[in-house]
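Annotated in Swiss-Prot:
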type	residues	note
REGION	1-23	region 'Disordered'
COMPBIAS	11-21	compositional bias 'Acidic residues'
REGION	101-130	region 'Disordered'
COMPBIAS	106-126	compositional bias 'Low complexity'
REGION	151-222	region 'Disordered'
COMPBIAS	165-215	compositional bias 'Acidic residues'
COILED	173-224	coiled coil
Amino acid sequence: MDEFQSKAFEVGEEIEPDDNEPLTGEEYLQRVKWHSNRCPSVVVADIDYSKIKVTIPSNSYFTLPPSITKCKKELLPTPTWEKEFLNDFSEFRQKLQYIKSNRPSNNNNNNNNNNNNNNNNNNNNNLIPQLPHINDKRYWYIFCFGSNGNNNNNNNDIKMKDFNDNQEDDDDDENNEDYEYNENKEEEEEEEEEEEEEEEVEEEEEEEEEEEEVVDYSTKKPTLGNKPTMDILCRLDHVLTVALVNYHIEWLEKREFTQERSYWLYMLLSLLEKPIDPDTCSNLRSCIRRLSVFRSKITNLNDPNLPSINILFTIIAKYFDQLEPSDILYL
C-alpha cells in the first residue's frame, strides 16, 4: 500500500517500540511505521454465531438467476435472419428518432387539435390522450391495455388516485363531524371553506380540460387501451421511456404474452437509448428469461406469438447485448 500513498515528508527507519515513551515526534512516527508494517492487509473477525440470533452465512454470496429455458431448435431464428433484422431495426430506430426530433412541439399540436375540434366537434380522432404520471404504474397499465371488462371493477379501476384520496379524506371528515361540531364549531366552518376552495379549483381544472379536448381517465366509463402511435411516442422522453420499459417487463413477468404487449415493448425498445442503466439491464435479462419460457411452451411453428417472441428476444439479446456467454449453450 505504500506505493499508492503519497508521502508528506520523509520518516527515518522504523524503530521497535520499548517500554519508554518516544522523546520526539519523529521517533513516535517510526514506532507507528513499525506497527503498520506488521498489520495484516485483511482481518476477519471470529464471530461466535451461537451467542447472536443470526444464521450462519452461506458460502455463496448470492443466488444465481435461472438460466434461459431450452426450446426446440426449429423455433429459433437463423443467424442470417438475425443479422438482417438487426440492420432493419437499427435503421428503424434512426428513422424514429428523426421523426421525433422533427415533429412539432406538443403545444403546437394542442393548438391545431383545438382548432380542428372547434370546426368539427363530433370528430373523436382529434382527442389527445392524457399521459398518466410517470410514477402512476396502475394507470399506465390502463392507458396501454384498457380497464377491466367487469362493470363492478370498472368504477374502482378507472378512478384516479387523487380522487380516491379526496374521497377517503371526505369520509373521515364525515365520521368525525359529530365530535368536531360539539367541540369546536369554528373548525367545521374552516373545513367547509377549504372544501369549497378545493371544489372551485377542481371546477377550473375541469373547464381547462374541456377546452383542451383532453381525454380524462378519471371517468367511470370503461376505457380502451391505446396503441403506441407516433403521437404518443413523440411525447415520451428518455426517463419516461426507461420507466415504461421496466413497467412492461414487470407486467410480462406476471401475465401471459399477447400481441398488444409485444407492440408496446417493441416500440419502447425502439426508443430506448444506449447506454442503459444497470437496473434496466437486469430487467432486460429477466425479460429474455421470461420470453424463453414462453417460447419453450410453443409446439406449433405457425403459432402467431412465435415471431413476436423471437423479435423481442433478438433485440434484447443481440442489439442491447444482454445475452451471457453461458446462455449460448441453452439456445
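Going from the start of the chain as shown, residues are counted 1 onward.
For all residues, glycine too, the Cβ spot is worked out from N, Cα and C.
With a threshold of 8 Å between CB atoms, the same-chain residues lying at least 6 positions outside the compositional bias 'Acidic residues' (11-21) that come near it are 27, 29-31, 33-35, 37.
The residues of the compositional bias 'Acidic residues' (11-21), classed with DSSP into helix (H, G, I), strand (E, B) and coil, number 0 helix, 0 strand, 11 coil. Across the coiled coil (173-224), mean pLDDT in this model comes to 57.
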